[in-house]
Amino acid sequence: MKIHEYQGKEILRQAGVPVPRGIPAFTVQEAVEAAQKLGGPVWVVKAQIHAGGRGKGGGVKLARSIDEVKKLAGEILGMQLVTHQTGPEGQKVRRLLIEDGADIQKEYYVSAVTDRASQRVAMIVSSEGGMSIEDVAHDTPEKIITEIVDPATGLTVAQATKLANAIGVPAGSTAQAVDVLQKVYKVYMDTDASLVEINPMILEGNGNIKAIDAKFNFDDNALFRHPEIVAYRDLDEEDPAEVEASKFDLAYISLDGNIGCLVNGAGLAMATMDTIKLFGASPANFLDVGGGATPEKVTEAFKIMLKNPNVKVILVNIFGGIMKCDTIAAGVIAACKAVNLNVPLVVRMKGTNEELGKKLLAESGLPIISADTMADAAQKAVAAVKAA
């Protein structure tokens with residue numbers, strides 16, 4: 001789960017990390033009132049969407065008068081903001097953050113992220129803040145410093161000091177930078193985040209350290225422990241199909257291809273998508289129905305997939321363990337009838353009650369393309385796409 005910048009800054013503020021004063025706004029009038037309340041003389045008008053690169057896309061602007069705040073708010077609110085993270089379709093801006101301007105002397109990059117190789121948290125810092133960390137990693141990788149944190153000790157003063165020194169924080173500001181780094185690590189752990197990113201963390205002219213951006217990603221599986229974070233959820237920023245799928249406990253992620261995939265098990269789902277790519281096409285989605293799928297759940301999965309106009313073929317790939325093949329077959333038959341299926345359907349089933357499942361499909365009278373192996377299923381789905 002992602003949240004907006006202003007929400008992330010509220011979490012940082014509560015954790016004791018210095019952030020600029022800011023007020024969210026949903027209308028131009030609210031933006032003007034926010035600027036008046038903050039007092040100026042310089043404000044930052046920032047688009048709030050769940051994507052990075054807003055500045056380059058024209059979603060972050062400086063204003064030096066209330067009239068300019070009003071003008072910029074009117075331009076940014078409602079715009080379709082395109083960044084390197086949104087894709088060419090962009091995202092509609094429905095919220096703004098009106099914030100005090102900052103006296104920026106130096107910009108740094110700071111993040112806490114799950115490092116799967118070490119199975120620990122990695123604190124990542126760079127002296128090149130304010131720009132895409134991916135660009136820094138590509139152009140000057142030596143400017144990215146990583147410190148792996150032992151969960152038994154947390155980020156120690158020695159480690160935080162090492163990081164602050166490595167990115168050139170002046171001696172007079174080192175103690176505050178160390179404090180901020182330790183608090184970023186702590187808030188990462190306390191909120192069950194998968195990413196906390198401050199880009200940039202700045203050094204002001206008076207020597208103070210401040211976080212002027214905040215990006216949080218949270219582990220969905222831990223949200224039951226954090227109702228206060230769930231309250232930040234903005235469904236307008238999420239894929240409608242993914243929101244709909246979550247209502248039925250379906251693990252669904254939209255992709256750019258044209259073969260809809262319905263699979264049980266995340267590993268098999270990823271292998272299915274890889275096999276589709278191997279044979280020259282692309283999956284339209286990741287969809288794991290899990291081990292407890294019912295015919296009703298399969299029907300909803302079909303409905304969600306078919307809402308995507310790019311889907312030209314559906315591929316069902318089931319390994320029956322906990323999930324029985326006859327249950328999936330009954331669900332597929334019910335789904336085909338419920339949605340009046342008008343695209344080719346390829347089905348491959350192996351495992352528990354396999355023969356019964358195949359018998360149900362064969363006797364259904366539906367034009368189902370049967371496959372024996374995953375490779376066979378993928379090849380038949382790709383052939384159907386090319387013939388469409």
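Backbone N, Cα and C define each Cβ position, glycine as well.
For the domain 'ATP-grasp' (9-244), the mean pLDDT of the prediction comes to 95. Per Swiss-Prot, domain 'ATP-grasp' is recorded for 9-244.
Here Swiss-Prot flags LYS46, GLY53, ARG54, GLY55, GLU99, ALA102, GLU107 as ATP binding site. Cβ environment of GLY53 (ATP binding site): THR83, HIS84, GLN85, THR86, SER132 lie under 8 Å away, each six or more residues apart in the same chain. In the three-state DSSP scheme, GLY53 (ATP binding site) is classed as coil.
The Mg(2+) binding site feature in Swiss-Prot is assigned to ASN199, ASP213; the stated evidence is sequence analysis. Sequence-distant neighbours of ASP213 (Mg(2+) binding site): residues of the same chain at least 6 apart with a C-beta under 8 Å from its C-beta are GLU5, GLU197, ILE198, ASN199, PRO200. The DSSP secondary structure for ASP213 (Mg(2+) binding site) is coil.
According to Swiss-Prot, the substrate binding site annotation covers ASN264, GLY321, ILE322, MET323, on the basis of sequence analysis. Secondary structure at ASN264 (substrate binding site), as computed by DSSP, is coil.
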Pop the Cα-Cα gap between ARG54 (ATP binding site) and ASN264 (substrate binding site) into the table, whole Å please.
37
Counting Cβ atoms within 10 Å of each candidate's own Cβ, which of the binding-site residues ALA102, ILE322, MET323 comes out highest?
MET323
Taking the Cβ of each of the binding-site residues and counting other Cβ atoms inside 10 Å, which one has the highest number: ASN199, ASN264?
ASN264
Most Cβ neighbours inside 10 Å, all chains, among the binding-site residues GLU99, GLU107:
GLU99
If you count Cβ atoms within 10 Å of the Cβ of GLY321 (substrate binding site), leaving out that atom itself, what do you get?
12
Which entry in the list of binding-site residues, LYS46, ARG54, has its Cβ near the fewest other Cβ atoms, using 10 Å as the limit?
ARG54
